[in-house]
Amino acid sequence: MANEQHLLSTEIVNRGIESSGPNAGSLTFSVRVRRRLPDFLNSVNLKYVKLGYHYLINHAIYLATVPVLVLVFSAEVGSLSREELWRKLWEDARYDLATVLSFFALFVFTLSVYFMSRPRSIYLIDFSCFRPSDEFKVSKEEFIELARKSGKFDEGSLEFQKRILQSAGIGDETYIPKSVIASADNCATMKEGRAEASAVMFGALDELFEKTRIRPKDVGVLVVNCSIFNPTPSLSAMIINHYKMRGNILSYNLGGMGCSAGIIAIDLARDMLQSNPNNYAVVVSTEVVGYNWYQGRDRSMLIPNCFFRMGCSAVILSNRRRDYHRAKYRLEHVVRTHKGADDRSFRCVYQEEDEQGFKGLKVSKDLMEIGGEALKTNITTLGPLVLPFSEQLLFFATLVWRQFFSSGSGVMNPKKPYIPDYKQAFEHFCVHAASKGVLNELQRNLELSESNMEASRMTLHRFGNTSSSSIWYELAYLETKDRVKSGDRIWQLAFGSGFKCNSLVWRSMRRNRKPARSPWLDCIDRYPVQF
């Protein structure tokens, strides 16, 4: 138990004035103990750093040989005057034409192989985030009142959800399908699921096609991710049918992959674009909240009810060189981490039925600890790809020092490794808006400022946890605030069941001014807010 105390945090909670009993009229308090993310930067494993450097080592032969060849060529050419150089070239071409032609052919062949094997640049043309109509807007008080009127929850379950909502960091303007809690009947049906999926997906896609002026028939790759709701025909088939897309479209439907599936979908779309030139790819990320609404009494399964809200994002990618000038961002890196081989990680977010037979997502009490391990692996792999050389050198040196001298006397062994400053690698951070507690721990571990975390916190407050689409609501917040300038680097970090942690790195191609269409337009002046 002593070894786990550093993973716990305590909080004094004001429970108000006691209404009855021997302490009636007195102010009462309780102590809440929570698990928190481990200091994953202070327990970095060297093997994860190797994964990041593996990308660089693959190109080490070019980094080593090109400077040598340049020096040799420069030394040879530098020893000749301009007249001697031209005379030598002319004589070689005159008396040894076969050698010159062979050299030229080899040069052209090498250049062709290089450009043909070079990965295509992937551009983000634009994206959109769906904003439901006001009839779906529910405050925290309305949420509890509707849940009480539905008759699906006992008083203990209602009180538990109320306490969670008060500390969740969620505001009073989030969106939820009211039918799932306002009706005494079971509304988690295929019909209701399809209705919600159609509303959010088609709403986001209509806006995307209108903003980009790209026709649905021009899209060659379609990737849809939704973790919970996976009907037959698939969600991707619903989109193809609705927009009458072309018959040879490459469509994919990702299910059961949690809140980080949006990044996995981008990675899949990138791979498809690499092998299919001159194409567009559309990625749709959503979660159908109502289909997995839990109405039982298991508190570990009631937690998702309090956090997850309606939302959807649609992104259009291109590998066409002609889109260079119209693109908003260029994809720099994708780093994916999967901890599913570990049993605890595999079951930390698990869909099942409770004792009453009600279906829901069961959230393990070890979620924070397991998430910390996945985050540690992911950011350690990402570091060598994005950090400045000075940060990499200090980080790697102290890490190796700890690795080889940890068993010594401890006199020369530092207490903890050098923590890289990721603020030097990125101008903007879009961290999955899972909950207030998770964002607090991430900010502490990565030593980020309030400004760095603003987009994530405000998205959680305004829209709640919209699962895999939350990182796009955060980027929309930054754009609507007119903060994204040309050359800025954006880090999108998401994590979810499995357990997975994934990162996207984008570079802004131009200054992205306040957009004409955004889910934040009517409320951006009120943000940031304190909560």
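Glycine is no exception: its Cβ is also placed from the backbone N, Cα and C atoms.
Annotated transmembrane segment per TrEMBL: 55-75, 95-115, 249-269, in sequence order. According to TrEMBL, the domain 'FAE' annotation covers 114-403. Positions annotated as active site by TrEMBL: CYS259, HIS338, HIS428, HIS432, HIS461, ASN465. Positions annotated as domain 'Beta-ketoacyl-[acyl-carrier-protein] synthase III C-terminal' by TrEMBL: 427-507.
Note on proximity: of the active-site residues CYS259, HIS338, HIS428, HIS432, the one nearest HIS461 (active site) is HIS432, by Cα distance. Least crowded of the active-site residues (HIS338, HIS428, HIS432, HIS461), judged by neighbouring Cβ atoms within 10 Å of its own Cβ: HIS338. Taking ASN465 (active site) as the reference point, the active-site residues whose C-alpha atoms are within 10 Å of its C-alpha, out of CYS259, HIS338, HIS428, HIS432, are CYS259, HIS432.
For CYS259 (active site), the Cβ neighbour count at a 10 Å cut-off comes to 28, with all displayed protein chains included.
Distance from the CA of HIS428 (active site) to the CA of CYS259 (active site) is 20 Å.
On a Cα basis, HIS338 (active site) lies 17 Å away from HIS432 (active site). The separation of HIS338 (active site) from HIS428 (active site), Cα to Cα, is 25 Å.
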